[in-house]
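For reference, the structure is listed below as C-alpha cells.
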Amino acid sequence: MASSVGNVADSTEPTKRMLSFQGLAELAHREYQAGDFEAAERHCMQLWRQEPDNTGVLLLLSSIHFQCRRLDRSAHFSTLAIKQNPLLAEAYSNLGNVYKERGQLQEAIEHYRHALRLKPDFIDGYINLAAALVAAGDMEGAVQAYVSALQYNPDLYCVRSDLGNLLKALGRLEEAKACYLKAIETQPNFAVAWSNLGCVFNAQGEIWLAIHHFEKAVTLDPNFLDAYINLGNVLKEARIFDRAVAAYLRALSLSPNHAVVHGNLACVYYEQGLIDLAIDTYRRAIELQPHFPDAYCNLANALKEKGSVAEAEDCYNTALRLCPTHADSLNNLANIKREQGNIEEAVRLYRKALEVFPEFAAAHSNLASVLQQQGKLQEALMHYKEAIRISPTFADAYSNMGNTLKEMQDVQGALQCYTRAIQINPAFADAHSNLASIHKDSGNIPEAIASYRTALKLKPDFPDAYCNLAHCLQIVCDWTDYDERMKKLVSIVADQLEKNRLPSVHPHHSMLYPLSHGFRKAIAERHGNLCLDKINVLHKPPYEHPKDLKLSDGRLRVGYVSSDFGNHPTSHLMQSIPGMHNPDKFEVFCYALSPDDGTNFRVKVMAEANHFIDLSQIPCNGKAADRIHQDGIHILVNMNGYTKGARNELFALRPAPIQAMWLGYPGTSGALFMDYIITDQETSPAEVAEQYSEKLAYMPHTFFIGDHANMFPHLKKKAVIDFKSNGHIYDNRIVLNGIDLKAFLDSLPDVKIVKMKCPDGGDNADSSNTALNMPVIPMNTIAEAVIEMINRGQIQITINGFSISNGLATTQINNKAATGEEVPRTIIVTTRSQYGLPEDAIVYCNFNQLYKIDPSTLQMWANILKRVPNSVLWLLRFPAVGEPNIQQYAQNMGLPQNRIIFSPVAPKEEHVRRGQLADVCLDTPLCNGHTTGMDVLWAGTPMVTMPGETLASRVAASQLTCLGCLELIAKNRQEFEDIAVKLGTDLEYLKKIRGKVWKQRISSPLFNTKQYTMELERLYLQMWEHYAAGNKPDHMIKPVEVTESA
C-alpha cells in the first residue's frame, strides 16, 4: 500500500506547528511500519483534523484501514486523496488493492493501470497489477507487468525470480530459466533462484543439471531445506533411491524432527513398494509438523486405496495448503471435494493443478465438470475441448462434454459426444447413463430405460443410473418389482446421506418415493448447500439491507423470480397478481430467468408489473443478484424451487432481507437462505413444521391460486343440449360455452331453464339448497345441426349469426385462444362423443401426468370402478407409452380394457374445458393434481382427494377446503373409495355436489385473484413488520383474512 506522508501541504501556521505536524507524521509512519495500526490511526486522525486536505495523511489512513481489513474506509480515504490530487498514482493503486481484496478484479486492474499511466515508473504499481492479473487468469498480462517493473529497475532479483516462477507455470521454461539466470547474475548467492533453476532443468528432463543446481542451492544455503527435498525428489525421479535416501537423511541431520524430510523419505519407501513402512513414515511426518506436499499426497493415495477417505482428505488438504504445485495432489483432492459437494474448493484445486501442468487432461476434464455445475458452460466447454485435444481417446471428457452441451440445449452435440464416448469405450457405463438422460429429457422414455439398464449391467453399483431408471419406470407406470425397487432406492439415499454425498434422487422427485420426512428435507438441504458452493466462488461480500421503507416512498418492494413467465402452468396460475397489487403500498418487480417466449402470458406480466427485468440476459449470478439488490427489494419470492430453469444461486447470495418460497415448487427448499414458505394450514399443518427448513407463512384460505376466471371466463356459464336418460337432464354430455352464450341462447326458441338444487356451502351436501339455472336446448333442428357438426368433424358453423365451433378445433380457429392467451370468441361445443366417452356411464377422470399414479392408487381406482358397474376411468396419454402398462395392471386387477379410456394431451383451453364432461375427478394421493386440480374444479367437476404426508399430497385438500367442499376429502383409502362410489351411484347426491362445486368456484375465494392478492399483501406486510422490528424469521400461522372490499 502507498502510505507516504511526505510533501506536506504549505501552511501559514508557525514553523513550530509545522515541526510538530511533521514529527507526528513521522511517528505515525513508524507505527504503521511496525504494525501498530491502532496508534498510527490515532495519530493520523490528529493530523487529518489539522490538515484535512493533506494527501500524505490521506494515503496513510487509506493504508492503515486496508491493513485492518476496513476496505470501505480505505477506499474512502483514497477517494479523498484523489479529490485533492487527481494525478496521485498511489491513491489509485490503493483503490486497486481494495477492489482486488473484494474480488472485483477488473476494477482493481483498471485502477492499477490508471496509476501507472499517471506514474509510469511506479514499480509497486506494476507488482500489484501483476498479482491482480494472475488472480484474473491473465498470465500474459502479469508477465508484461513484471517485465515493465524490471525495465525501470533491472536489479530487482526477487521480482525477476517471481517472473521466472510465472513463466515456469505457463510452461515457458526457457524464459523462466533466463529469469533465474539473470537473478543469479544480479545476486549470485540467491539460493532460491538456484533451486528454481534446478526445478526448470528437472522439468526439461535435465536430471543431472537439476541435481547440480539443487546441490549449489544447498551449498549457498546449508539450511535450505526445500533444496534438499528437491534434490531427493529429482534423485527419486531418476530412481536413484539410495542417493535419494541419502539426501533426505542429510536433511534429517540438519533437522531430525522435520516432517518434510520424513515425508519425502516415506515417498521413497512407497516407490519401493514398502507401503506399510511408507504409511508409518508418513504418519510420523504428520505427527511432527506437515511441510511437504508430496508426502501428504502419497499418504493420501495410500490411505484412499485402503478406504480411509477422511484421512486421505486431510493429507490432500495439507498438501494444498502448503504447496499448490503438486498437480496429482491437487487433482485427487479436488475429486474428493467434488464427491463431497464442495464445489468451490474443487475448482480452486483443479485450476492450481492446471497452472502447474497445463497439459493435464484429467484436470481439464474434471475442472470442466465442476464449471458446468456452476453454470459456467462456455468455460467448461473450453476445458473439455482442451482435454480432448491433449488426449483424443479420452472417453470421460467426451461424455462430460456431452453433459455440458446438453445443458446448453445442444441436444445433437450431446448425442454425438455420448455416442463417441461409447465408441471409444463400449463398456463406459457413465456414457450410457448420460445418453439415457438425453432420451429421458426428450420424452423418449423407452430408449432412456434401455440405456439406463445397459449402464447398470456394466456398473451394477451405479446410484444415479438406478434412481433415474426408477424415475423413468415411474413415468411410464412400469411397476415390475415395485416394492423391491422402492426399498433399494431408499437404501441408496440413506447411504448417500450418511456419507454426505449429493443424493441421486432429485428434490422434486423425492415426493414420489417412500422416503422419510427427514430424508426428503436432507435431499433438499444438499441441493441448497450446492447452491451455496456455487456462489462462494464469487467471493461477494454480504449485502446490506434496508430496515425501513423511506427509500421506496413507503411502498414495499416485492420481487417475483421465475423462469416461467410465459406459457407455463405457473403463469397460468398467477399472471394477474403483479397487476393486482395495491400500487400505493407495493412496488412490484418481476425477474424473468428465461427469454421472452412471445406469448401473451409474458406480455401481460411485463405490462402489469411495475418493473420487468429479464435476468436471462445476465447469466452471471453475482451480477444478477447485484441488480436485484440495487432495486432495493424488500421481499424476494422464489417461484422455481428446484424445478427446471431455477437459479437458486441468486437467493443464496441473499440480495433481499426477506426471501420466501411460493407457488411454483411443492416442497421445502432445505436452504438456509430461504426464510419463509408461503403455504396454508391444510397444506402444511403446524405440527409438521419440522419438515420445512423455512418458517411457515400461512395464507388464510389456500396458498394456491388460479387465474382461471380471467383466462377462461367463457366457462363461467354453460348450456346443455337435452340428453335424457331415466328422466335426468345431464349437464355434461353436450355442453356449450362462450362469452356470448346468453345472447346466443336469447336468439333461440324453446330454450328451457332447469333449476338444479345445490348446497349453499360448507362441508355437508345436505345443507340448505340454492337453485341454479341450467339452460337446456331441446332436441330440435338447431341441436341437430350442432350434433351433426360434431359427428362430421366440421370446424365451425353459423347459427343466427353466431359462430358455433367444434371443441376439438380451437387450435385451427384461434391458436392463442387454444393456449389460453386469449378468450375464445365463438360458442364452443364439447361432447363426450369427441373423446369416445360413453354417454350413459359415470365418467371418473384424472388428468395428471401418469407418474403420479402408483400401484396402490390404481388399485383404489379399480376398486371404485368395480363397485360402480356402469363407470369408466378417463386418463391422459401423459405419456402415451404408459397406456399399455396401466391397461395391463388394470386387467390384472380384474378390469376389462374398455373400462379405462385414454385421450391425448390437449391445448390448455381444451384441457380445462373438456373437464366438464367428467362426472368426478379422482385425485392422485401420491402427488395431487395442483394446477390440474384447479383446472378440473373450474370446469365444475368434483374432485375426491386423500391428503398424505407431503406438501405435494395435500394441495388438493387445501383447494377443496377453500372451495367449501370438505365432504370430498377422505381420511383414508376406504373413505376415498366410499366417497367416489357414493358419487357414482347416488345420482341425486352427484347432482348436488356438482352444483355445489359449480357455484362455489365463483363465490368462494379459490379463484378470486383480487382477494388472494390482498391476502398475500397482508402476509408480506406481516413479514416486513416482523423483520423491521429486528426479529428473525418466525412462523406466521395466524393469517389475517381480508375481503375484496377491504
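Glycine is no exception: its Cβ is also placed from the backbone N, Cα and C atoms.
Residues annotated as N-acetylalanine in Swiss-Prot: A2.
Swiss-Prot lists S3 (among others) with the feature O-linked glycosylation site.
The annotation phosphoserine is assigned in Swiss-Prot to S3 (among others) on the grounds of similarity to another entry.
Residues or ranges marked as O-linked glycosylation site in Swiss-Prot (evidence: similarity to another entry): S4 (among others).
Annotation source Swiss-Prot lists phosphoserine at S4 (among others).
Look at Swiss-Prot and you will find S20 (among others) tagged as phosphoserine, backed by similarity to another entry. Long-range C-beta contacts of S20 (phosphoserine), restricted to its own chain and to partners at least six residues apart, with a cutoff below 8 Å, are absent.
Here the repeat 'TPR 1' (21-54) has a mean pLDDT of 88 out of 100. Residues annotated as repeat 'TPR 1' in Swiss-Prot: 21-54.
Counting residue by residue with DSSP, the repeat 'TPR 2' (89-122) contains 27 helix, 0 strand, 7 coil. As annotated by Swiss-Prot, repeat 'TPR 2' applies to 89-122.
For 157-190, the entry in Swiss-Prot reads repeat 'TPR 4'. Counting only same-chain residues 6+ beyond the ends of the repeat 'TPR 4' (157-190), those with a CB under 8 A from a CB of the stretch are 127, 130, 134, 139-140, 142-143, 146-147, 149-150, 196-197, 199-201, 203-204, 220, 355-356, 358-359.
Residues 157, 161, 164-165, 168, 173, 176-177, 180-181, 183-184, 230-231, 233-235, 237-238, 254 of the same chain, all 6+ positions outside the repeat 'TPR 5' (191-224), place their C-beta atoms under 8 angstroms from a C-beta of that stretch. Here Swiss-Prot flags 191-224 as repeat 'TPR 5'.
Sequence-distant neighbours of the repeat 'TPR 6' (225-258) (same chain, 6+ residues past either end, Cβ-Cβ under 8 Å): 191, 194-195, 198-199, 202, 207, 210-211, 214-215, 217-218, 264-265, 267-268, 271-272, 288-289, 291-292, 294. According to Swiss-Prot, the feature repeat 'TPR 6' maps to 225-258.
Marked as repeat 'TPR 7' by Swiss-Prot: 259-292. Long-range neighbours of the repeat 'TPR 7' (259-292) within the same chain, counting only residues 6 or more positions beyond its ends whose Cβ lies under 8 Å from a Cβ of the stretch, are 225-226, 228-229, 232-233, 236, 239, 241, 244-245, 248-249, 251-252, 298-299, 302-303, 315, 318, 322-323.
Taking DSSP states H, G and I as helix and E and B as strand, the repeat 'TPR 8' (293-326) has 27 helix, 0 strand, 7 coil. Under the heading repeat 'TPR 8', Swiss-Prot lists 293-326.
Here the repeat 'TPR 9' (327-360) is broken down by DSSP into helix, strand and coil counts: 28 helix, 0 strand, 6 coil. Here Swiss-Prot flags 327-360 as repeat 'TPR 9'.
Remote same-chain partners of the repeat 'TPR 10' (361-394), defined as residues 6 or more beyond its termini with a Cβ less than 8 Å from a stretch Cβ, comprise 327, 330-331, 334-335, 338, 343, 346-347, 350-351, 353-354, 400-401, 403-405, 407-408, 424, 530, 534, 537, 619, 621, 649. Taken from Swiss-Prot, the feature repeat 'TPR 10' applies to 361-394.
The repeat 'TPR 11' feature in Swiss-Prot is assigned to 395-428.
Cβ atoms under 8 Å from those of the repeat 'TPR 13' (463-473) belong to residues 429, 432-433, 436-437, 440, 445, 448-449, 452-453, 455-456, 479-480, 485-486, 488-489, 492, 495-496, 504-506, 509, 512-513, 851 of the same chain, restricted to positions at least 6 beyond its ends. Broken down by DSSP into helix, strand and coil, the repeat 'TPR 10' (361-394) contains 27 helix, 0 strand, 7 coil. Reduced to three states, the DSSP call for S20 (phosphoserine) is helix. Sequence-distant contacts of the repeat 'TPR 12' (429-462) (same chain, six or more residues past either end, CB-CB distance under 8 Å): 395-396, 398-399, 402-403, 406, 411, 414-415, 418-419, 421-422, 468-469, 471-473, 475-476, 478, 879, 881. Taking all protein chains in view, 28 other C-beta atoms sit within 10 angstroms of the C-beta of S399 (O-linked glycosylation site).
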